[in-house]
Amino acid sequence: MPAASSSSSSHHYRTRLRSRTAPLLLLVVLAVFVVTELLRSSSRGGFTASARRAVSSPAKANHSAAPRKILLDPAFTPRLPRQSPLSLSLSARNALPPRNTGRFPALPDGHLKIVLYVHNRPRYLRLVVDSLSRVEGIGEALLIVSHDGYFPEMDRIVQGIDFCQVKQIFAPYSPHLFPDTFPGVSPGDCQSKDNAKEKGCKGDPDQYGNHRSPRIVSLKHHWWWMMNTVWDGLEETVDFDGHILFIEEDHYIFPNAYRNVQLLVDLKPKKCPGCYAINLAPSDVKAKGEGWESLVAEKMGNIGYAFNRTVWRKIHAKAKQFCAFDEYNWDITMWATVYPSFGAPVYSLRGPRRSAAHFGKCGLHQGQGSSNVCVDNGSGAVELEEIDKVPNIKSDWPVRIIQRQEGYQAGFKGWGGWGDRRDRELCLSFAYMYHVKDTSPA
């Protein structure tokens with residue numbers, strides 16, 4: 001009896017234990033299941049997001065072989081001027097994210113990044129901004145506006161852009177930001193054709209005996225700083241390997257420009273695999289195009305040009321040639337020394353009709369007031385036909401190669417303005433400022 005009673009008691013105990021542990025075990029199982037599903041979901045979500053980035057990112061889609069790390073010349077030590085409070089504040093603005101992302105939250109596959117580089121011609125800028133607002137597809141683009149120095153009215157105009165994502169960057173070492181020290185005018189600098197030994201002044205003359213002019217050298221400094229920053233210094237572009245379109249503040253952009261650039265970028269590897277870039281207009285700034293039913297491969301122009309990171313790496317590798325050439329214009333420097341160093345003609349692919357036009361009649365350092373004197377017809381108007389408002393490039397067109405390269409060629413010695421060793425060293429410093437001395441493989 002006692003044994004039976006003990007057995008019965010043990011049985012009841014085990015029953016009560018099972019009745020208590022069963023819910024706990026169920027809770028544990030459910031908890032494990034929930035955690036597992038969350039992990040799986042997170043993993044799937046992470047993979048999906050990663051896959052989405054890979055598909056939507058032109059950097060991944062283009063599979064560029066362009067290296068990310070650059071081995072610097074160990075004999076050269078980059079030196080950048082000490083920044084002023086204004087310069088530092090502009091550098092901080094350069095790190096801000098693009099505006100208008102609420103209205104344009106996602107950039108689609110195959111979108112363009114457009115760089116508009118400007119100085120201080122507000123009337124010109126208003127015209128180019130107005131033309132951009134009328135471009136079909138502009139809402140798909142990221143517009144980066146690169147300022148040479150800081151000018152409040154230019155800033156206000158760009159702040160008012162609302163038709164696409166827009167990011168502003170300011171050249172923090174622009175001579176216009178340094179009124180009493182290099183790269184502006186330093187005390188004791190030689191002027192004009194001063195003889196340094198006789199006057200005891202500072203500076204190296206160019207090949208024509210002229211000393212540096214900060215407002216003139218800013219042209220080349222800004223373009224080179226901008227290129228290095230856009231390709232290697234911005235979060236928005238550092239992993240982008242696709243084509244970037246570059247335009248200036250006196251370029252009127254046609255309504256079909258965006259779609260035509262997309263077509264040309266797609267056609268270039270098939271129609272002209274040896275072409276380095278695409279262009280929106282002929283290299284002759286006054287030409288409107290031939291009107292042929294064919295694509296055109298010719299000398300690379302400076303109106304609406306676009307190239308990818310692989311081409312940028314070729315250009316960047318020629319930093320010493322670019323920075324040493326005694327010529328204050330960036331484009332003439334490219335035509336006369338950088339492109340010829342590639343060993344073969346540098347062709348750019350374009351359509352038979354222009355999709356951008358140069359509308360200014362004055363140089364960069366004119367036309368900065370409210371007067372209309374430097375703008376054609378006082379308005380910068382460009383005659384547009386209906387064909388200029390829609391994509392007008394056909395994928396089945398052949399390519400005509402214009403082999404004769406007009407204009408500045410290898411052997412041209414330059415117009416000068418770029419003889420001071422300080423400008424050359426600053427230029428080289430821009431080439432290296434986003435890279436480290438690193439011997440690890442790219």
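Even glycines carry a Cβ here, placed using N, Cα and C.
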Cys427: disulphide-bonded cysteine as recorded in TrEMBL, out of Cys275, Cys323, Cys362: Cys323
Hey, which bits of the same chain come close to the region 'Disordered' (188-207), Cβ under 8 Å, at least six residues off its ends? 326, 413-414, 416-422
Measuring Cα to Cα, tell me the gap between His358 (Mn(2+) binding site) and Asp148 (substrate binding site) in whole angstrom. 19
From the Cα of Asp250 (Mn(2+) binding site) across to the Cα of Asp148 (substrate binding site), what is the distance in angstrom? 14
For Asp148 (substrate binding site), just count the other CB atoms lying within 10 A of its CB, please. 26
Check the binding-site residues Asp250, His358 for other C-beta atoms within 10 angstroms of each C-beta and report the one with the most. Asp250
